[in-house]
Amino acid sequence: MVDFVLGHYAYWFTIILLAIGLYGMLIKDNLVKKTIGLSIFQTGVILFFVSIASKWGATVPVKSDEFPVTEVANYMNPLPHTLMLTAIVVGVATLGVAFALLITIYNRYETLNEQELLEKIQ
Amino acid sequence: MIGSDIPALIPITFLAFAVLIPLLGLWKRHLSYYWAVLGATIATGFSALGFYNYISGSETIRYFFGGWEPPVGIEFVYDGLSGFIVLVINTIALFVLIHSRLIGKREFPGKVTGYYSVAMLLMLGFNGMVLTGDLFNLYVFLEISSLASYALIGIGEKRAPYAAFRYLIIGTVGGSLYLLGVGFLYTVTGTLNIIDMAAMLPEVIGNSAIITALALMVAGIGIKAALFPLHGWLPDSYSYASSTSSALIAPIGTKVAAYVLLRVVLYLFGVDIIDSAIPITDIIGILAGIGILYGSVMAIAQSDLKRMLAYSSVSQIGYIIMGISLANPFGFIGAVLHVLNHALMKACLFLVSGNLRLKEGHTDITKFDDSYRKKYPWTMVAFTTAALSMVGLPPLAGFFSKWYLALGTIENSNWLLLSVILISSLLNAVYFFRILEKVYLRDPESTDEKTGIISSLTTNEVKPSMLWTTSIIAFGILAVGLLNAFIVSAIVTMFPAGL
Amino acid sequence: MELTFVPLYAVLVSLAAVPFILLSSGKPNLREFWTILAGVVKFLLVLTLIPAALEGRTIELTLFEIAPNLPIELRADPFGVYFAIVASGLWIFTSFYSIGYMRGHKEKKQTRYFASFAICLSSTIGIAFSGNLLTFLIFYEMLTIATYPLVIHSENKEAIRAGRKYLAYTLTAGLLLIAAVGITYSLTGTLSFQPGGIFGDVELSNTMAVSLFLLYLGGVGVKAGIMPIHSWLPSAMAAPTPVSALLHAVAVVKSGVFGIIRVVHYVFGPEVMGNFGLNDILMVIAGVTIIVASLLAFAQDNLKRRLAYSTVGHLSYIVLGAAMVTPLGLTGSIMHISAHATMKITLFFCAGAIMVNLHKKNISDLNGIATVMPWTMGAFVIGSMGLAGLPPINGFVSKWFLGAGVLEGDMMLPLIILIISGLLNVGYFFPIIHRAYFKKGGKELEGHTEASPFMVVPIVITATASVIFGLFPDLFFHFFELASGIAETVFNTL
């Protein structure tokens, strides 16, 4: 049991991050805080990808005389990391659009608090 | 030969115009509309050419980007199904864009350059999602289309930005869940290519990571497809967005997500694997059934045309997903045919609502009356055609997809879903005849007794560019209904293995 | 002569008239000319099919595949021809009558009226010539939609309510029919009508057979007005009288009973009906409908509503005949389609003439009107006595065969039902005749004469036809020969 918990610690961190992100999106009234929650949620997913690529004792996937590796299995898998570069860009773009929308909302209603906003919309 | 490059040419056309439009907009801003229409025309031409090649017997095209063969490189797969969907969505988008000129001037003046550029990005995303053969690449295109649709929805009524923001939060969570699912699959199979992975999955079935991945991906795509109960973002987004945005996103957006679901469930995993792992098809089927009824009932309760159509979309997307969940040939035909039919019907209905909003300034059903018939005779004919098709009356298109879905439920002896289809047709009849009754019968006071002509009103139809696009799509509904044997015989060639 | 395309032309001719009717909306005479022209041409086309039908030949025409392996298929078999003769023949009279009525009543939106009317007739002939269930379904739904503008024609609250009720009933029915047809397709792999049924080799479970039959019954039974799903029919009386005549005598309800006979004898077939006791279900429903509808007819003071309940009852005669599953019963049932059509259309025309001429709707106001409208009331007497089953009117002939069918099947209950309902028919028609002839009319009758010839001539013709076909059932159209021929083909295949 303890082994199971400890052995999967990377997953637990992912789950914790996802939970924090969801908490922010669902519970917080402030729209900026919701956006922060969203960002944390995405980061959780990114870290998950990063963690699945790592291996104990493996090295960077660069062929070099300084790191002589005979077995392919001793390299780390570079693909998830590169994928995450794209995912990070997507995340940044999402944040950009979100903040653009928030600015528009603020200009129209002069608040970013969801409760006040809903009252003003009615 | 241009044929083998078509999978790449279609999205690249949209990408090129997405960049070109802002640049050319610096020179002459009002030309943006024409550039967008040009882009959509070229892309539709490529799609038509590709599908024509497919019909006349050409093989599935696998286009390797940069010459890198999968599983290392990214490929685009142009087979019958993706070709069909691409043709449908690009044709609809072309008509909606042609229709949008005056709406653009009215509803987002001064923003046309950005608007059309983003619209091109949206289409790039959708086409990429349909054509790509790579799961991570699909995520990227999913996000491109999503970001574009947040922006397009944000341009609208006063409440639009808030609706768009809510959609952004929910939609991004959906995308992230999908990505998480892809991660799980990658840890087990070590590949991201759909064809490659589909070959490996049978060997690792039963692995809990696979089941987790399936659940996460279905949930993520379900949000994008507005599968009940994950539809919460849809009604606000569609009803507060500008008429063109709703007409562009509503017929296409959820369909593409449903198509991805179809790919994942029937092609990537395959019927056997899914049935042996978890009863995910049953769960999706039941959710779709509830969604169909819920959407119809909520549509009846609405007093605004656009909002009613939005709820109706929730209901109709349920049909497509139900067809996928049946996982038999009839269900597959029904689902794919309904993608086409519903795209036509919803596009027509949203264009009609755009026409009315341009002319009347509102889409409040309670204010509809007999004068509309007189002022907008052809718009109303288009509306009637689409509405009768939604109700499922033969020989209009809507009848046939329902017919195949009904056959699919019968084949599975799933009487519950059969009755859902039938009941929801009735509910559709309630909310459409309610409007038709108003438009054709209400308020005969201003009618001249003798001639039956409402004397004080004259025809006040919308401009030809809007009228013709609406009418052609309405005519398309009838044509697809009559020609559905040809379409179905094409769909039959697209069956995934194992069906 | 090449007959292959005749059924198609017969279906299309009134549809082709629709654009002309719409285009000549400003010129009433021209518009009505198109209607009459289409009607006559359609009738003549149908007549050319009679010789082939008498020989028992079936003219088949596969138009195109609307769905893989499911063609749109027109098939003029004797039964279809029979129904087409009735529908297209009476359309001509209804058109003439409509002209008189609509103009006499100064109705609005007459163009829409005549256009919908033409579409209705196309759909009805389409139903008659449908070669398979899918084609039937398509025309059946077309008929539903085309009738809607007619039902709501007067556009007052009552009419709109009636229209909603009509749609609610018929659209639900259409959906049940889709379900039934779908299940049939997945069970048998075919949808085409075969004399004797298509379930021959299929193993059916009892529940499946009964529930499928009930689905069909719900689907076509609504238009046939069987209880308890009849109530749209009296409500639809809010429509103008020619529409009622069309609904009740020519097109809609007859499509319903036509559908029931098709389902009983051409989809299920006598054998399957008997094996699962489906005929008993149908017979009980029909029997109850006949008796209850006749009793309800007594309670109606509105003339049209009384006629409506009478229709409900008489439709179930036809259903009863089909439910007997005997050759003579089927013959009587089919003959009652044409007999009831001519008689009931006469009665509705009379009711309409009285309404346009004297503005009277209720039976209690009809005192002494026979002195003012002798021709109309004479026709009314013929029609009503025919419905009660008195010779020499054609209602007698069909009832005779129904009775013979009962004896053939050795059943007591239907016989009792037939006798009781005959008495009830006399009972609810007699007071009307009594008032019209033997009570003294009020002062408001003074100065009124017979209705416009546009209305009276059709009335007299249909009434005379009822008598002629009562005396000589084989005259002109060979109704008897056709009906017995149909029964033979259905039962020979056993």
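The chain as shown is numbered from 1 upward.
Any Cβ shown, glycine's included, is placed from N, Cα and C.
TrEMBL: automatically predicted annotations, no manual curation.
The domain 'NADH:quinone oxidoreductase/Mrp antiporter transmembrane' annotation in TrEMBL covers C:130-421.
If you look up TrEMBL, you'll see C:6-26 (among others) marked as transmembrane segment.
Taken from TrEMBL, the feature transmembrane segment covers C:113-131 (among others).
The transmembrane segment annotation in TrEMBL covers C:137-154 (among others).
The transmembrane segment feature in TrEMBL is assigned to C:166-188 (among others).
Remote same-chain residues near the transmembrane segment (C:208-233) are listed as 140, 162, 165-166, 168-170, 172-174, 176-180, 183-184, 187, 247-248, 252-253, 255-257, 259-260, 262-263, 267-268, 272, 275-276, 278, 281-282, 285-286, 288-289, 292-293, 308, 311-312, 315-316, 318-319 (criterion: CB distance under 8 Å, separation of at least six residues from the stretch ends). Residues or ranges marked as transmembrane segment in TrEMBL: C:208-233 (among others).
According to TrEMBL, the transmembrane segment annotation covers C:245-269 (among others). Using a Cβ-Cβ cut-off under 8 Å and counting only residues 6 or more beyond its ends in the same chain, the transmembrane segment (C:245-269) has close neighbours at 79, 83, 86-87, 90-91, 94, 97, 117, 120-121, 123-124, 127-128, 133, 136, 140, 143, 147, 150-151, 184, 193-200, 213, 216-217, 219-225, 233, 236, 239, 278-279, 282, 307-308, 311, 315, 318-319, 322-323, 325, 330, 333-334, 337, 340-342, 344-345, 348-349, 352, 490, 493.
Panel annotation: around the transmembrane segment (C:281-299), residues 210, 213-214, 217, 221, 225-227, 230, 260, 264, 273, 306, 309-310, 312-313, 315-317, 319-320, 322-324, 411, 413-414, 417, 420-421, 424-425, 427-428 of the same chain, lying at least six beyond its termini, place a Cβ under 8 Å from a Cβ of the stretch. According to TrEMBL, the feature transmembrane segment maps to C:281-299 (among others).
Residues or ranges marked as transmembrane segment in TrEMBL: C:311-331 (among others).
If you look at the transmembrane segment (C:337-356), the same-chain residues 6 or more away from its ends with a CB under 8 A from one of its CBs are 82-83, 85-86, 90, 93-94, 97, 100-101, 104-105, 240-242, 244-245, 248-250, 254, 257-258, 303-304, 307, 310-311, 314-315, 317-318, 366, 369, 373, 376-377, 379-380, 382-384, 386-387, 393-395, 397-398, 451-452, 455-456, 458-459, 462-463, 465-466, 469-470, 477, 479. The transmembrane segment annotation in TrEMBL covers C:337-356 (among others).
According to TrEMBL, the feature transmembrane segment maps to C:368-391 (among others).
According to TrEMBL, the transmembrane segment annotation covers C:411-433 (among others).
Taken from TrEMBL, the feature transmembrane segment covers C:454-472 (among others).
Note on the transmembrane segment (C:368-391): residues 310, 314, 339-340, 343-344, 346-347, 349-350, 353-354, 357-358, 360, 399, 422, 425-426, 429, 432-433, 435-437, 439-442, 445, 448-451, 456, 459-460, 462-463, 466-467, 470 of its chain, located 6 or more positions outside it, place their CB under 8 angstroms from a CB of the stretch. Under 8 Å from some Cβ of the transmembrane segment (C:411-433) lie the Cβ atoms of residues 283, 287, 290-291, 294-295, 297-298, 303, 306, 310, 313, 317, 320, 324, 363, 366, 377, 380-381, 384-385, 387-389, 399, 402-403, all in the same chain and six or more residues away from its ends. Long-range contacts of the transmembrane segment (C:6-26) within the same chain, counting only residues at least 6 positions beyond its ends with a Cβ under 8 Å from a Cβ of the stretch, are 34-35, 37-39, 41-42, 45-46, 48-49, 59, 61, 63, 74-76, 80, 84, 88, 91, 111, 114-115, 118-119, 121-122, 125-126, 129.
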